[in-house]
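Here TrEMBL flags B:GLU42, B:ALA43, B:GLU426 as FAD binding site. Residues or ranges marked as substrate binding site in TrEMBL: B:VAL241, B:PHE344. Residues or ranges marked as domain 'Amine oxidase' by TrEMBL: B:22-449.
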Amino acid sequence: MSPDDMVDIFRRVLETDGVTADTDFFESGGDSLMGTRVLSAVARARGVELSFDDLLVAPTPALLADRVASVSR
Amino acid sequence: MSVPTSAATAAATSVVVVGAGLAGLTAAADLAGRGVDVQVLEARDRVGGRTHGIEVAPGDWADAGAAYLGERHTGLLALMERSGLKTVPTVMEGDSRFDVSGAARADSIPGRFPPLSGVALGELFDLLDEVTRSVRVEAPWLTPDAERLDAMTAAEWADDRLRHPDSRLFFPLFLGEMMAAAPADVSVLHMAFYLRSGGGLRYLNAFAGGAQEWRIDGGAHRLSEALSAGLGDRVRLSEPVTAVEQDDTGVTVRSAGGATRADAVIVATPPVLADRIDFSPALPAPRSGERTGPGCAVKVHLIHPSPLWRRQGLSGWSVSAEGPLLSTVDDSPADGGAGILTGFVTGDEARRFAALPLAEQRAAAVAQAGRLFPDLPEPVGFHVTDWVNDPYSRGCYAALFGPGDWLALGPHLTRPHGRVHWAGTETSTEFFGLMEGAVRSGHRAAAELAARR
């Protein structure tokens, strides 16, 4: 999953276009409820089940895309 | 319908308001400000309705009823400002406690996220968001697919749509917290409407940046008391209204103390209670049905000398899969003083808990608090507020509309019946069930009467 795909997911969940690969989810209005919707979107797109902790340690599209890549490998 | 037609054009120079909760008092204050002769008849011996303060320690008040507000609650904030009342932020620093996994001990976790599958909860919120967005919030009965959504309970919906055990476990807890309902109590249409009306899933659920951002300093009841003080002896307590009779020249409102005559009436009570008033001529249609239930909330307060859980790095926030305290939150006053741990007992658990004697309620609540917050001593004070069986509220946060209710009742909730107008949080499609909905309904009802002139 590319960082761009992840940026799209963040944009959809946060309902803002102001998301780049380095935007921190929790500093951009994201909370735990919205965070789960990033996880379900990733699971739908890639069949990868991330945990909420994954989002806490990798809160940007770039970092979370890395995480997906390492889990899928 | 034999309602006198002249009522539609007559000037309302005198108005009786039934119910001194936030809706009725807001309407009465608006009308009094326009020079209308207002009388407020309240059944209880206090004002405030579903807001109620308990003095848990000298000078420290706990909200036994409605408590929270956020920045979108503009009507409430404006009234507070006029009354000189301030907000205090809800605090949520430290770890949460979760007892949802069936483990012997509760889990301590930073933030508010429970130790459940994030993907499963995400799928639950995706589904809820989808149905919530589909609702026509200003007229839910006109929602596309309204008949199907109105016929199905939220329990049936969950049974059909939720596959993962974690989402099935979490859904009733979420619904209990959001709207004090068990999934079998409400139609899918009402669930979706409620979530949409309150600002959507995220706003309604959030503390910081959401509908639980603040409390009212000193207690939410202070707003009603301030409005009532402004009205003075125009507010009459212990006056349950039994009948409202219209004729060609006005309305006679019969209450415990006798009859009050006026040009028009605003009934600002929950619809189930309004339907018990004997209207003459009769209402063209009821405003509650057999499936309309009470909001199922019992609020428990455990009082400690200080917020002891904070010393252990705990926020006071907890979520449990088993009752009675399905969630707890730290509602301690901002300036130090007492430690107030509020426990929410909602949905089916509220009905069970409400039926227990006080000693058993206390034993169960204290034991659970001790499991959630290790080393928490016996509380120095303990309070239970049962809204489910309260004769003058019949539930809290708000009436629960069951299958069939929105299609049958929806159009009648706000439609005036001759000289009778309606207020109450259940008549507001904006922030239904919240204090903000009550305030907006009061302004709307007062404006309707002004428009009659």
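The backbone N, Cα and C atoms fix where each Cβ goes, and this holds for glycine too.
Cβ neighbour density within 10 Å is lowest for B:ALA43 among the binding-site residues B:ALA43, B:VAL241.
The FAD-binding residues named in the record, B:GLU42, B:ALA43, B:GLU426, extend over a maximum Cα to Cα distance of 19 Å. The average pLDDT computed over the domain 'Amine oxidase' (B:22-449) stands at 96.
Closest by Cα distance to B:PHE344 (substrate binding site), from the binding-site residues B:GLU42, B:ALA43, B:GLU426, is B:GLU426.
In the three-state DSSP assignment, the secondary structure recorded for B:GLU426 (FAD binding site) is helix. A Cα-Cα distance of 7 Å separates B:VAL241 (substrate binding site) from B:ALA43 (FAD binding site). Packing around B:PHE344 (substrate binding site) is summarised by its Cβ count: 22 other Cβ atoms lie within 10 angstroms of its Cβ, all protein chains included.
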